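Trainee: Please see the structure below; I have some questions.
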Amino acid sequence: MAPEPEDIKDEKNPRPLDEDDIALLKTYGLGPYSTHIKKAEKEVKDLAKKVNDLCGIKESDTGLAAPSQWDLVSDKQMMQEEQPLQVARCTKIINPNSEDAKYVINVKQIAKFVVGLGDKVSPTDIEEGMRVGVDRNKYQIQIPLPPKIDPSVTMMTVEEKPDVTYNDVGGCKEQIEKMREVVELPMLHPEKFVKLGIDPPKGVLCYGPPGTGKTLLARAVANRTDACFIRVIGSELVQKYVGEGARMVRELFQMARSKKACIVFFDEVDAIGGARFDDGVGGDNEVQRTMLEIVNQLDGFDARGNIKVLMATNRPDTLDPALLRPGRLDRKVEFGLPDLESRTQIFKIHTRTMNCERDIRFELLARLCPNSTGADIRSVCTEAGMYAIRARRKTVTEKDFLDAVNKVIKGYQKFSATPKYMVYN
């Protein structure tokens with residue numbers, strides 16, 4: 001048998017590039033436009049520095065402007081003119097809708113006073129029971145204040161829209177349609193419900209095994225609508241002191257009513273929405289009070305307005321029947337395990353941003369992942385990328401995906417809780 005040539009041996013056993021080879025490529029492998037690009041980048045940097053110098057912006061430890069731009073005299077005068085105000089509560093209005101109207105205010109831990117209005121406040125701005133700012137000399141009302149809401153409740157508002165869209169949620173076509181009918185349609189086309197003379201559904205319960213896309217779909221809903229989105233994790237409402245959880249729920253819905261349109265999303269609602277029982281000790285009484293406050297806010301004496309409530313759980317069997325009745329949660333959406341077509345679609349979604357070979361058979365990979373959730377498939381794609389990084393390649397091959405399927409789907413089978421949760425759902 002003739003010995004193999006050297007070049008064929010080198011092709012069979014490729015040697016990975018070391019640091020010296022990479023440095024050599026960086027030095028001699030520059031393109032024809034690299035010098036022009038570097039020159040343009042340097043010019044942009046110099047111009048940005050020049051603009052900052054003209055604006056008076058300098059890198060400083062304190063982050064203040066240059067001392068030459070300080071105006072201490074006007075700052076001191078402004079501080080003397082704007083006196084700090086004291087927070088009080090207007091308890092009663094005497095002679096309302098008249099010129100000599102007076103206001104009874106209660107300053108905490110001091111006393112009650114009958115005062116008038118400041119020059120900058122209109123009588124229509126002040127209502128009984130609201131918080132106001134009063135000056136420290138005559139206790140005149142200077143500004144109306146918004147209702148007091150716990151900072152921990154305010155922090156639940158999602159300010160930035162999530163970057164997840166409906167196209168990123170694979171295998172949930174039916175669930176997306178049901179969710180859009182409840183959330184988007186009443187907000188965008190309320191006249192359709194008025195013509196029919198029906199009230200739109202008010203709430204949705206999403207249930208299913210972990211990793212099937214419940215929270216992901218809620219994030220897509222938040223991206224789609226212009227409504228304020230408030231995300232509450234069930235365990236956040238379980239507090240140490242009696243009545244704290246119920247107070248947070250009241251303030252949460254009070255904040256939601258102040259918005260033009262609002263979506264409240266309770267994630268892992270089984271932490272507070274469990275069925276009521278008496279354990280003889282009273283350890284769960286506070287959790288049950290919090291749940292009853294949610295029930296009352298969902299369908300109580302006060303109208304809910306344009307507030308939609310979404311809830312997600314892995315254990316719908318543990319929830320209290322009072323929480324699940326129609327009128328509170330009108331629609332129950334099941335998130336099951338994705339079928340073959342859905343798994344193929346999920347593979348394509350997760351590999352959309354990856355550098356993969358073109359001839360990868362995603363349907364074959366989907367067939368090799370039976371009874372797997374969307375989270376499992378995402379883990380497979382991540383693991384395939386790790387195999388490519390380990391081999392110092394810039395693209396992911398089909399063999400990487402097959403190895404990842406063996407590792408994640410077959411190897412991690414003992415950690416999977418999907419069969420266990422399928423019993424509950």
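Cβ atoms are placed via backbone N, Cα and C, with glycine included.
Sharing the record's features from Swiss-Prot:
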BINDING   G208, P209, P210, G211, T212, G213, K214, T215  ATP binding site
Trainee: For T212 (ATP binding site), what residues in its own chain, 6 or more apart in sequence, show a Cβ-Cβ distance under 8 Å?
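Mentor: Spatial neighbours, sequence-distant, of T212 (ATP binding site): F335, G336, L337, P338, T373, G374, A375.
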Trainee: Take the mean position of the Cβ atoms of G208, P209, P210, G211, T212, G213, K214, T215, the recorded ATP site. Which other residues of that chain put their Cβ within 8 Å of it?
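Mentor: For the ATP site the neighbour list reads L216, A312, N314, F335, T373, G374, A375.
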Trainee: For the binding-site residues G208, P209, P210, G211, G213, work out the Cβ neighbour count at 10 Å and name the residue with the minimum.
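Mentor: Taking G208, P209, P210, G211, G213 as the binding-site residues, the minimal 10 Å Cβ count falls on P210.
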Trainee: What is the one among the binding-site residues K214, T215 whose Cβ has the most other Cβ atoms less than or equal to 10 Å away?
Mentor: K214
